[in-house]
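Chemist: First, the structure itself, so that you have it in front of you.
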């Protein structure tokens with residue numbers, strides 16, 4: 001049943017509900033006892049149930065509905081990280097690519113997967129609705145994972161000595177395998193683009209911000225959302241990477257598809273409990289915001305005195321937020337001076353456009369954090385692959401990609417501490433509902449991330465020194481006698497940084513966008529990491545070109561004992577410090593949106 005379509009098109013339902021509401025008011029006047037009817041006490045404005053009826057608070061939404069949605073997110077993260085966490089191993093192993101090329105391709109794919117949510121959010125908010133978009137994206141996701149497993153069954157490409165795949169004569173069947181692999185990979189990225197922004201926004205929609213208790217629960221929802229997401233990731237890194245490295249890549253790609261299918265079934269089981277936002281036949285919010293910018297540009301020659309006169313005529317009171325980006329107020333006037341309906345923008349539309357542009361500096365200054373974040377699945381993994389990964393269990397070695405589980409483990413351990421201990425203590429000191437502001441939370445994670453990069457550089461310096469002491473500089477296939485546990489602090493600090501910055505960015509970009517644009521808000525948050533991944537790929541390629549040639553080993557040489565990842569990590573630490581400084585400067589001028597929670 002096309003539930004979201006029903007919600008978007010059945011305008012008569014809103015009229016019926018209004019009539020019912022008026023009848024109930026009339027009954028309450030003639031019969032005071034009628035004022036206690038469930039319709040008046042228990043319904044939520046702006047929401048309907050799966051049959052298009054006014055939704056009752058007591059039987060819908062909140063944690064019951066959110067639990068179903070969190071399960072499908074856990075399944076999606078299991079599937080996504082089942083590919084991304086070990087992708088560099090597959091590219092440098094069965095596909096025979098060089099370290100720098102593989103790292104650049106992993107970053108490019110992660111970038112595409114993080115930018116495509118902008119398209120998915122637009123489709124959801126303008127056409128399909130979040131519920132239907134989630135279902136459609138999940139089906140495409142399962143198809144992509146199935147094709148990925150199929151590509152692995154076609155055999156692997158062998159290469160000797162880390163030789164670049166471009167130098168290998170491939171048969172037509174092996175070329176088909178490569179084409180099918182990358183096509184399937186980007187099909188998964190496309191599906192993730194529709195899935196990621198809608199699931200989280202749909203989950204947050206299950207909490208009514210007009211109710212104090214549900215509003216507080218929604219703040220916890222973002223914490224526990226990330227907790228569940230990292231729990232799924234931890235399972236992937238603990239089990240699936242071992243299967244891929246030691247048993248079968250086919251099985252390693254097939255299991256995520258099975259888990260994703262189970263997650264979709266669980267999501268559908270919650271259909272009758274969900275709250276669906278009412279969306280009428282009004283114009284797409286993306287179009288209305290775009291029209292504000294267009295009219296403001298067309299009216300660029302209009303004097304500010306004319307705008308002031310128009311604001312005075314409309315009775316607009318000057319506020320701190322309305323004083324920002326005054327040039328957008330020119331959209332209140334038509335280019336020819338007329339004020340006919342549809343030719344000018346409303347005050348709310350102008351304020352929504354200001355809210356979007358107000359996010360731009362925060363978005364831009366978060367990019368350095370995203371570049372640093374991209375290294376955990378690439379160079380951190382290659383770093384660990386050269387070290388002693390043996391355990392007390394006879395013959396068992398920790399897969400290099402599984403080291404990323406310490407990020408998820410750190411998140412899983414710290415989020416309950418943050419939500420149940422840190423927030424109440426901070427709330428008592430600051431009086432703020434969330435303990436600290438969202439911008440303070442984001443900045444705190446950036447500081448921790450910078451520290452993690454410095455530690456990563458110091459550990460890499462020690463690894464290179466040990467390799468030199470044992471005469472292993474020209475023996476890249478020989479294990480460096482240094483325990484892989486040296487890498488745990490940098491991974492754990494990455495996880496701690498995520499608790500602050502990642503969760504903070506999610507809630508910030510959801511909370512500071514108008515209700516109609518919240519899927520787009522979460523897509524904008526994801527686009528930070530998409531653009532960050534592309535910037536990381538560009539940075540790696542630029543450094544590779546600058547530091548190689550003339551017989552020199554580049555910073556990312558295939559022989560990591562001759563490379564200089566320590567230089568790269570220190571460079572990222574310096575860039576992170578610069579980015580943090582710019583971020584702090586931008587936060588001083590940020591004004592919270594009126595529809596968001598100003599804490």
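Even glycines carry a Cβ here, placed using N, Cα and C.
In case it helps, TrEMBL gives these features for our protein:
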- 61-83: transmembrane segment (TRANSMEM)
- 103-122: transmembrane segment (TRANSMEM)
- 134-154: transmembrane segment (TRANSMEM)
- 174-191: transmembrane segment (TRANSMEM)
- 224-243: transmembrane segment (TRANSMEM)
- 249-269: transmembrane segment (TRANSMEM)
- 356-378: transmembrane segment (TRANSMEM)
- 398-418: transmembrane segment (TRANSMEM)
- 438-459: transmembrane segment (TRANSMEM)
- 522-543: transmembrane segment (TRANSMEM)
- 567-591: transmembrane segment (TRANSMEM)
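Distances, neighbours, how buried they are, the whole picture for these features please.
Modeler: Distant neighbours of the transmembrane segment (61-83): 44, 47, 55, 113, 134, 138, 141, 145, 148, 185, 188, 192, 195-196, 199-200, 202-203, 206-208, 214, 217, 221, 224-225, 228-233, 235-237, 240, 252-253, 255-257, 259-260, 262-264, 266-267, 269-270, 273-275, 404; these residues of the same chain sit at least 6 beyond its ends, with a Cβ under 8 Å from one of its Cβ atoms.
Using a Cβ-Cβ cut-off under 8 Å and counting only residues 6 or more beyond its ends in the same chain, the transmembrane segment (174-191) has close neighbours at 79-80, 83, 95, 109, 112-113, 116, 137-138, 140-141, 143-145, 147-148, 150-152, 154-155, 157, 165.
With a threshold of 8 Å between CB atoms, the same-chain residues lying at least 6 positions outside the transmembrane segment (224-243) that come near it are 70-71, 73-78, 81-82, 85-86, 200, 203, 251-252, 255-256, 399, 401-405, 407-409, 411-412, 415-416, 419, 495, 498-499, 502-503, 506.
For the transmembrane segment (249-269), same-chain residues at least 6 beyond its ends with a Cβ under 8 Å from one of its own Cβ atoms are 68-69, 71-72, 74-76, 78-80, 82-83, 86, 90, 94, 134-135, 138-139, 141-142, 145-146, 148-149, 152-153, 156, 236, 240-241, 243.
Using a Cβ-Cβ cut-off under 8 Å and counting only residues 6 or more beyond its ends in the same chain, the transmembrane segment (356-378) has close neighbours at 84-85, 87-88, 102-103, 106-107, 110, 289, 324-325, 328, 401, 404, 407, 439, 442, 445-446, 449-450, 452-453, 456, 491, 494, 497, 501, 505, 508-509, 512-513, 517, 521, 524, 527-529, 531-533, 535-536, 539, 569, 572, 575-576, 578-580, 582-583, 586-587, 589-591, 593.
Sequence-distant contacts of the transmembrane segment (398-418) (same chain, at least 6 residues past either end, Cβ-Cβ under 8 Å): 81, 85-86, 88-89, 223-224, 226-227, 230-231, 233-234, 237-238, 241-242, 244-246, 376-377, 380-382, 384-385, 389, 391, 484, 487-488, 491-496, 498-499, 503.
Residues 362, 366, 368-369, 372-373, 375, 380, 383, 486-487, 489-490, 493-494, 496-505, 507-508, 511, 566-567, 569-570, 572-573, 576-577, 579-580, 583-584, 587, 590, 599 of the same chain, all 6+ positions outside the transmembrane segment (438-459), place their C-beta atoms under 8 angstroms from a C-beta of that stretch.
Nonlocal intrachain contacts for the transmembrane segment (522-543), taken as residues 6+ away from its ends with a CB within less than 8 angstroms of a stretch CB, comprise 100, 103-105, 107-108, 110-118, 120-122, 196-197, 200-201, 359, 363, 366-371, 373-375, 505-506, 508-510, 513, 554-556, 568.
Tertiary neighbourhood of the transmembrane segment (567-591): same-chain residues 320-321, 324, 358, 361-362, 365-369, 371-372, 375, 379, 439, 442-443, 446-447, 449-450, 453-454, 456-457, 460, 543, 555-556, selected by CB-CB distance under 8 Å and a gap of 6+ residues from either end.
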Chemist: How about long-range neighbours of the transmembrane segment (103-122): same chain, 6 or more residues beyond its ends, C-beta under 8 Å?
Modeler: 80, 84, 87-88, 91, 97, 133, 137, 185-186, 188-190, 192-198, 201, 286, 374, 377-379, 382, 519-520, 522-524, 526-534, 536-537, 540-541, 556
